[in-house]
Amino acid sequence: MAPLLAAAMNHAAAHPGLRSHLVGPNNESFSRHHLPSSSPQSSKRRCNLSFTTRSARVGSQNGVQMLSPSEIPQRDWFPSDFTFGAATSAYQIEGAWNEDGKGESNWDHFCHNHPERILDGSNSDIGANSYHMYKTDVRLLKEMGMDAYRFSISWPRILPKGTKEGGINPDGIKYYRNLINLLLENGIEPYVTIFHWDVPQALEEKYGGFLDKSHKSIVEDYTYFAKVCFDNFGDKVKNWLTFNEPQTFTSFSYGTGVFAPGRCSPGLDCAYPTGNSLVEPYTAGHNILLAHAEAVDLYNKHYKRDDTRIGLAFDVMGRVPYGTSFLDKQAEERSWDINLGWFLEPVVRGDYPFSMRSLARERLPFFKDEQKEKLAGSYNMLGLNYYTSRFSKNIDISPNYSPVLNTDDAYASQEVNGPDGKPIGPPMGNPWIYMYPEGLKDLLMIMKNKYGNPPIYITENGIGDVDTKETPLPMEAALNDYKRLDYIQRHIATLKESIDLGSNVQGYFAWSLLDNFEWFAGFTERYGIVYVDRNNNCTRYMKESAKWLKEFNTAKKPSKKILTPA
């Protein structure tokens, strides 16, 4: 397989929405087929504050082979303090992109200036309108009996210019304070992600955002942002994640260029082909790790309590050797190193994986001794975002191999099909996700056996349903999401198996609470357990998966009154 395709597959399988137009279901091509852009107004409909659920079950199981009754997971399989919740991120759901003092983000800028780089030409100016509908969202979470809600804080909503000098936006503080208070009043624990890919555009223009070559300005500005969050929300929030999916963020923003700010090497297809896809992802990743270490150090010195936790969330695609050869086993290990170890090993032991250092060489920055000391052990919980797995097939390490993207440094292609021609698991909706719950168990065993079995939360897990202009998804079909329900049930059941094997996994968050803006896939994929009708003021409807989670969560719990302030 060509190096570019191998890297594209590695990227495309890392996160929802990054996705079908990068690689086909059989790994047959690397292409970017954009649909005709929608009207700019279509992505700016004002959503109202209505709340709707469907009380009656509709349809059948649509031919999906479900688990037998005895195999369906039950809440009492898990410890009473095991956390079940749902997850979102600020840019994907909030909307209100320029309201109440919010500054412009890199994604606002990217979508407004390069709509051709979004599959349907849309943007998240309105998103799912959660800025105005957060009370409805909390009501939904409570209705489903969720223990927790994972959401992110928009950096430019809090600091419009991204810096201390630019000032704090009091309306941004008020919004998140209101959300956190309402969650707690309803018995829902907030899990807060400080950064989920929305960089203040002012910092992009000032020093290149996370490409800051000084490795200083971005670290200082991010640490100040984290401090503002700790100062204003730390009395209520016990669980913090400094960064979400740094591997996806860096590789897609500065490698393939399909994420804001859209940079890649000359000759590749992106908005700004003036970068270096073999270097810039590593530069940005290095800055992320330095910023994480400083934020955790600050937190531990001034805000930490006995009942608080802090870490970061990794995106992990499971790996299985393509064949039985020693070379394919080595390819699997290199793939784990760049997919997981790139950001995990520095926070565990203070430095990058040995394979990455030997293969990327001078392209991978070096940590100073004092930086290694701050990095090592800079967490007391970790998040894992798991969706699917791939077969890792060896690419010979030789002078004839010319990497194109940073992920080519794994010297391994990521294959959907094994040597027998069969896929790693059943296809799920969009082409990049194949259901393979065993990969989640493999990952948890790696965390147990190799990395000391830290407290783990599955901070994202789910599938997307394709909904495009050419292949629209009827609302009834979207609500009857039995494939998603089966996927969720099987992965929750796998968590029980992993706990029985000694895993320290302590929670599970479905991705996502709501159908939302899926980055460069726009609104062409629906990942929500709750349907958002963008043609009807963003009215919410619980899908079958949400209804089952409601039954699951409330089976062994006393009901509580839903508190929703006027």
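Glycine is treated like the rest: Cβ placed from N, Cα and C.
Partner cysteine of C264, as given in Swiss-Prot, is C270 (from among C229, C270, disulfide bond). Most buried of the binding-site residues Y387, W511, judged by other Cβ atoms within 10 Å, is Y387.
The recorded positions listed here (E245, C264, C270, E460) include E460 as those with a Cα within 10 A of the Cα of W511 (beta-D-glucoside binding site). Ranked by CA distance from E460 (active site, nucleophile), the recorded positions Q92, N244, E245, Y387, W519 have Y387 at the top as the closest. For the region 'Dimerization' (450-453), same-chain residues at least 6 beyond its ends with a Cβ under 8 Å from one of its own Cβ atoms are 344, 348, 502-504.
Each residue contributes its Cα atom, and for C270 (disulfide bond) and Q92 (beta-D-glucoside binding site) these two points are 21 Å apart. Spread of the beta-D-glucoside binding residues is 18 Å (greatest Cα-Cα distance among Q92, H196, N244, E245, Y387, E460, W511, E518, W519, Y527). Among the recorded positions Q92, C264, Y387, W519, not one has a Cα within 10 Å of the Cα of E245 (active site, proton donor).
Residue counts for the region 'Dimerization' (394-405) under DSSP (helix as H, G, I; strand as E, B; rest coil) come to 0 helix, 1 strand, 11 coil.
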